[in-house]
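Features as listed in TrEMBL:
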type     : residues : note
TRANSMEM : 120-138  : transmembrane segment
TRANSMEM : 182-205  : transmembrane segment
TRANSMEM : 212-231  : transmembrane segment
TRANSMEM : 269-290  : transmembrane segment
TRANSMEM : 302-321  : transmembrane segment
TRANSMEM : 333-352  : transmembrane segment
TRANSMEM : 364-382  : transmembrane segment
TRANSMEM : 402-424  : transmembrane segment
TRANSMEM : 436-458  : transmembrane segment
Amino acid sequence: MLVGNEVKIEADEENAVPEREPRRGFLELVCVPINWLKTLSSETHSSFVFGVMVVYGLSQGLGGAFNGVGTEYYMKDVQKVQPSEAQIYSGITSIPWVVKPLWGLLTDVVPIVGYRRRPYFILAGLLGIISMLFLSLHSKLHLVVAVLSLTAGSAGEAIADVTVDACVAQNSNIHPSLAADMQSLCALSSGTGALIGFFMSGVLVDLIGPKGVFGLLTIPFGHVFIVGMMLHESHVPNVSFKEVNQKFLDAGKSIWTTLKCPEVWRPCLYIYLSLAVSLDIHEGMFYWVTDSKGGPSFSQETFGMIMAVGSVGSIWGALLYQYSLKDHPFQDLLFWTQLLFGLSGMLDLVLVLRLNLKLGLPDFLFVVIDASVSQMIGRLKWMPLLVLSSRLCPPGIEGTFFALLMSIDNIGLLSSSWGGGLLLHLVRVTRTQFDNLWLAILIRNFLRITPLGILFLVPRSDPNSDILPGQILSTKEDNQVIEDENFELASLVSNVDDR
């Protein structure tokens, strides 16, 4: 009887195994990102992780999607400008991102009423709220005033972004093995927010118009304002002008000393050139895909859905980098991503020449594939550049120097936007004329591959290796310009433990 019972028990256990395996696999799938976030929180700080998710996910992801789609339809349908002009105005509104080092220096060395961070978050939130309300409440706003309002909103977003960038740069130096993970967290937060934002933006533009969407943008900016009100930081009383001036001089000397190193200026030059020569002709493509004659004539809902699917491609790119490519050498990874970036642009050429219809692929399906592939490759190209930038920041001035590197990126994007606008003008692409759009795409695709010729400027090291010379690292560690605590986001919730 005993033997029979043992056999029965063994049989029951064998039968129970297939039922438990799917549950274990599902739980592991759910627990992996949770454990990853817990690891980042324990190694850095839980408030740092929370701050990244709020700024990148809500403000830049969700708010950026609303702003992007709303602005495109606002320029096209309300202001009725040409695509080349819209491309130029898009570059103007991005100027606050170009001067990010200014925001970094101000928040690092110029306290307001004794606080270094809280006033700037409050200022960022107020700028965004006021500018978005101004755009949404005026029915006939002059184009110049509208561009200025959009620029003010962009300034609010840029100022809020600087503090989190400082946290990422500083923690990348403290935990170099987690540098790629931190950039993955930024990318995933931004991609998830953008996915939700783009999915909703098309429907909202159709229901309430682009000006109504601008009104909704006060919600993300309102959260930025709340962060400024709730942020806990040390009070710095009685800061003299001489002290502030000395800190400016010290920061300037440190930046200049670092920039003179070949290990720094060479990759900086590559980052700028690789972005600048990849001309942006997005406005020309947007006007064409929404055109009722020559293009597919997509509606607002359809366009928003396409952008949402593109955001899924961006998330997949971030996941692919995180789990498969983050430890690869910079030079090798940038070679393949830049090459694929140029080749992926050929999908736009196939679409504009209507070759997809000859292959039996409807416009919507092909554009969805195009958006997903382009966003995924674009994210894979962008991620190593961000990690490389974070590894170039010397200790003590992480916030200011990372802002400087990001401004180089944004100058490259600005050059790309204005260069793309000039290209659209030269090939005579207008609101109703798209005969030469294929030529603009072909030129852009060729220029996207040219950065491969200057790839030698990028170090061959992997993200876990030190790039800065030893003397800079040791000098900056001994003479920090700004205390570490000023770079960290304090807890925004009451139950967060201290580090």
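Numbering starts at 1 and runs along the chain as displayed.
Note that Cβ sites are derived from N, Cα and C of the backbone, with glycine treated the same way.
Given the structure is predicted, the values throughout are model-derived calculations rather than measurements.
Ranked by the number of CB pairs under 8 Å to the transmembrane segment (212-231), the listed stretches 120-138, 182-205, 333-352, 402-424 are led by 120-138. Packing against the transmembrane segment (302-321) from elsewhere in the chain are residues 65, 68-69, 180, 184, 187-188, 191-192, 194-205, 286, 289-290, 364, 367-368, 371-380, 383-384: each is 6 or more residues past its ends and has a CB under 8 Å from a CB in it.
By the count of Cβ pairs under 8 Å, the stretch nearest in packing to the transmembrane segment (269-290) among 120-138, 182-205, 364-382, 436-458 is 436-458. Just going by CB pairs under 8 A, the stretch in 120-138, 182-205, 402-424, 436-458 that sits most against the transmembrane segment (364-382) is 182-205. Outside the transmembrane segment (120-138) by six or more residues, the chain places 74, 103, 106-107, 112, 146, 149-150, 152-153, 155-157, 159-160, 162-163, 211-212, 214-215, 217-218, 220-229, 231 with a CB less than 8 A from a CB of the stretch. Residues 83-88, 90-91, 94-95, 97-101, 103-104, 162, 165-166, 168-169, 255, 268, 271-284, 385, 389-390, 392-393, 440, 443-444 of the same chain lie 6+ residues outside the transmembrane segment (402-424) yet bring a C-beta within less than 8 angstroms of a C-beta in it.
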